[in-house]
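Trainee: The following feature annotations were taken from Swiss-Prot:
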COMPBIAS  10-24  compositional bias 'Low complexity'
COMPBIAS  32-43  compositional bias 'Low complexity'
COMPBIAS  44-55  compositional bias 'Basic and acidic residues'
CARBOHYD  Asn202  N-linked glycosylation site
CARBOHYD  Asn205  N-linked glycosylation site
TOPO_DOM  1-59  topological domain 'Cytoplasmic'
TRANSMEM  60-80  transmembrane segment
TRANSMEM  93-113  transmembrane segment
TRANSMEM  125-145  transmembrane segment
TRANSMEM  146-166  transmembrane segment
TRANSMEM  241-261  transmembrane segment
TRANSMEM  270-290  transmembrane segment
TRANSMEM  319-339  transmembrane segment
TRANSMEM  353-373  transmembrane segment
TRANSMEM  413-433  transmembrane segment
TRANSMEM  459-479  transmembrane segment
TRANSMEM  486-506  transmembrane segment
TRANSMEM  565-585  transmembrane segment
Amino acid sequence: MELKGVHQQNGTSNGTGAAGTEGESPPPAPAPATAEAAASLETTTEKVDAEQQKTERTNWGNGLEFLMSCISVSVGLGNVWRFPFTAYENGGGAFLIPYIIVLFLIGKPMYYLEMIMGQFTSQGTVKIWSVVPGFVGVGYGQAFATICIITYYSSLLALTLFYLFVSFQSVLPWSYCWEEWMNCVDSRPQEDTDALLLSSSNVTNVTALTDTVKLQSSSELYFLNVVIKEKMDISDGIGDPDWKLTLALFVSWVVIFLVIMRGVKSSGKAAYFLALFPYVVLFILLVRAVTLEGARDGIIFFLEPQWGELLNPTVWKNAVVQCFFSLAVGSGPIIMFASYNRFDHGIYRDAMIVTTLDTLTSLLGGITIFAILGNLAHNLQIENIRDVVRSGTGLAFISYPDAISKFQAVPQLFSVLFFFMLFVLGIGSIVALQSTIVTILCDQFKSWKYWKVALATSICGFLMGLVYVTPGGQWILTLVDFYGGTYVVFILAIFELAGIVWIYGMQNFCDDVEFMCNRRVSLYWRVCWSFFTPVMMIVIFIYSMVTIEPITYSEQFFPEAGNVAGWLLFGIGAAQFPLWWMWYISHHREGSLGQSFVASLRPSDKWGPANPETKRQWVIFKNEKAAQRATKKQSSKMGAFWQKLGHFCGSNT
């Protein structure tokens with residue numbers, strides 16, 4: 001059967017889907033008896049096609065918009081913000097080997113699988129579960145985790161905008177020590193110390209310090225004392241939102257809404273800038289970072305593997321978590337973006353480009369920030385780079401500003417460029433996450449206007465983000481990231497893979513991929529999807545839950561109420577899976593409870609390509625593949641029979 005071209009045809013009927021799920025070919029339409037009847041049928045077909053065009057899902061303007069959009073979300077805050085401090089917490093170079101192994105055995109397979117599911121069905125994170133209707137809770141749980149991630153990602157945008165605004169000052173405010181800061185070291189070059197505009201008489205001289213005094217850079221003290229006004233204890237509350245950060249948060253959400261208000265028509269055009277501009281600034285910063293004194297020690301710490309850490313399961317767990325966040329798998333954006341593709345778009349190439357570029361960008365960001373950390377350790381006279389600065393959210397807002405302060409020429413210009421780049425990266429990430437939620441709602445409620453849903457969700461995102469711009473906001477961010485983002489995404493990704501590969505079936509899934517992409521699925525993907533990826537994820541998740549410890553922020557434990565709230569957050573996200581499964585069974589009874597349970601694991605009539613004609617061709621293709629396998633199996637049995645008969649006859653002659 002010729003597959004080329006059938007994917008873009010428009011069908012005349014919406015009733016071919018049921019046959020596809022039952023494995024039977026639809027009966028051929030009766031031929032019209034007269035030319036008049038044929039003309040009437042043609043007219044009817046044209047009307048149906050015209051009606052379908054009105055309700056057809058919007059597509060990307062071109063394939064490059066899709067690729068740029070995937071790059072903008074996968075090459076984002078996860079690379080520049082999260083990857084460096086995750087590597088920092090896990091021994092630098094020791095983290096690279098597990099991360100690269102995890103990328104090939106979990107990251108790439110999951111990324112490609114989600115691209116396939118979105119493009120094949122032209123549906124969002126929830127609607128794709130017509131493949132295994134009982135698993136629809138996976139989609140809703142991932143939506144819950146996505147909302148959690150959106151709320152604190154937007155607070156990072158607020159911090160970025162704050163730094164962007166103050167970068168226009170004649171002297172960068174974090175480059176020098178303020179009078180009230182003791183044991184502080186200027187972030188800008190020491191030869192510029194005499195040029196301070198403010199008195200620094202209270203700043204401790206580095207050479208006069210004893211080994212027992214801990215020095216802090218002015219960039220770190222500025223972030224903690226001026227920007228977030230950090231509370232070291234939230235037992236009495238988290239405080240009120242800071243008005244400056246609140247304003248920055250509002251501006252961030254206005255920009256997000258403007259980008260997504262027209263769906264892929266607007267976000268696709270913005271993707272070119274969102275994907276490409278950050279590389280220009282990151283390369284400039286890299287060139288400067290590697291020329292700083294002490295940068296070599298930091299880069300060596302980042303790249304030199306510590307083989308003993310390979311036996312530490314925690315490092316592997318963190319590698320999986322980072323891979324998920326960096327590639328944005330398990331939370332819906334990849335499925336959502338791919339759902340706006342043409343059915344025959346070449347996603348294999350795009351998946352390989354994005355996952356490879358994502359890794360290279362993570363390495364680029366890692367080298368940049370560890371070069372900066374090496375310089376910071378040199379200036380603070382600290383031998384162990386691990387002890388230079390606290391890891392966590394503040395790393396990007398401490399180490400990067402510290403490096404910018406050391407630029408000899410117009411550091412304000414580079415600061416503006418850098419924080420604008422960081423803002424662009426954040427916009428790219430949140431646009432994808434926010435569009436995922438909007439797509440879920442618009443898929444569910446067809447009559448809702450896309451821009452109205454985008455506006456409503458943006459307002460909700462702003463209101464929920466206010467909690468993170470309080471003095472205790474970083475505590476809440478740590479809590480939500482750990483319980484509402486990391487573990488919820490992890491466990492639901494396991495169910496996602498199990499539902500598609502183990503319940504729907506590897507053979508069925510590979511047939512669908514072959515029909516859509518017109519190429520057979522290689523052994524690498526089959527082995528990863530069916531064995532390596534799910535087994536590794538299950539083992540790492542079980543280990544994580546067995547060895548889980550109370551989380552800390554700035555080396556302090558959360559109050560008991562915080563841990564209870566965290567587990568409640570995790571419970572809400574994870575419970576979506578069983579609760580929606582029970583709901584489906586109770587609302588789709590087919591005989592006994594056991595029969596209803598089995599039915600919930602079979603594809604529904606809605607499963608398959610969205611285009612009716614493409615779906616009809618898919619049904620034919622599936623039936624042909626099933627017939628070929630049956631014939632091959634029968635031939636194999638007959639061959640074995642004649643072989644045994646030959647051996648028997650030969651032994652009796």
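Backbone N, Cα and C define each Cβ position, glycine as well.
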Trainee: Check the transmembrane segment (319-339) against the transmembrane segment (413-433) for contact, please; criterion is three or more CB pairs under 8 Å, pairs 6 or more apart in sequence.
Mentor: yes
Trainee: Mind checking which residues of the chain, 6+ beyond the ends of the transmembrane segment (353-373), have their Cβ under 8 Å from one of its Cβ atoms?
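Mentor: The answer is 67, 70-71, 74-75, 78-80, 83-84, 87-88, 92, 96, 99-100, 103, 107-108, 111, 279, 282-283, 285-286, 289-290, 292, 295-296, 298-299, 301-303, 326-327, 385, 388-389, 395-396, 399-400, 402-403.
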Trainee: Find the member of 60-80, 241-261, 413-433 that has more C-beta pairs under 8 Å to the transmembrane segment (459-479) than any other listed stretch.
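Mentor: Answer is 241-261, with the largest number of Cβ pairs below 8 Å.
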Trainee: Mind pulling out the one from 60-80, 125-145, 146-166, 413-433 with the most Cβ pairs under 8 angstroms to the transmembrane segment (241-261)?
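Mentor: If we count Cβ pairs closer than 8 Å to the transmembrane segment (241-261), 146-166 scores highest.
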Trainee: Between 60-80, 270-290, 413-433, 565-585, who has the most Cβ pairs under 8 Å to the transmembrane segment (125-145)?
Mentor: 565-585
Trainee: Who are the long-range neighbours of the transmembrane segment (565-585) in its own chain, taking Cβ under 8 Å and residues 6 or more past its ends?
Mentor: 133-138, 140-141, 144-145, 148, 479-480, 482-484, 487-488, 491-492, 495, 551, 558, 593, 596-597, 600
Trainee: Who are the chain neighbours of the transmembrane segment (270-290) in space, where the CB to CB distance is under 8 Å and they lie at least 6 residues beyond its ends?
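Mentor: Residues 64-65, 68-69, 71-72, 75, 80, 259, 299, 361, 364-365, 367-369, 371-372, 375, 400, 403-404, 406-407, 414, 417-418, 420-421, 424-425, 427-428, 431 contact the transmembrane segment (270-290) from elsewhere in the chain.
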Trainee: In this predicted model, what is the average pLDDT of the topological domain 'Cytoplasmic' (1-59)?
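Mentor: A mean pLDDT of 43 is what the predicted model shows over the topological domain 'Cytoplasmic' (1-59).
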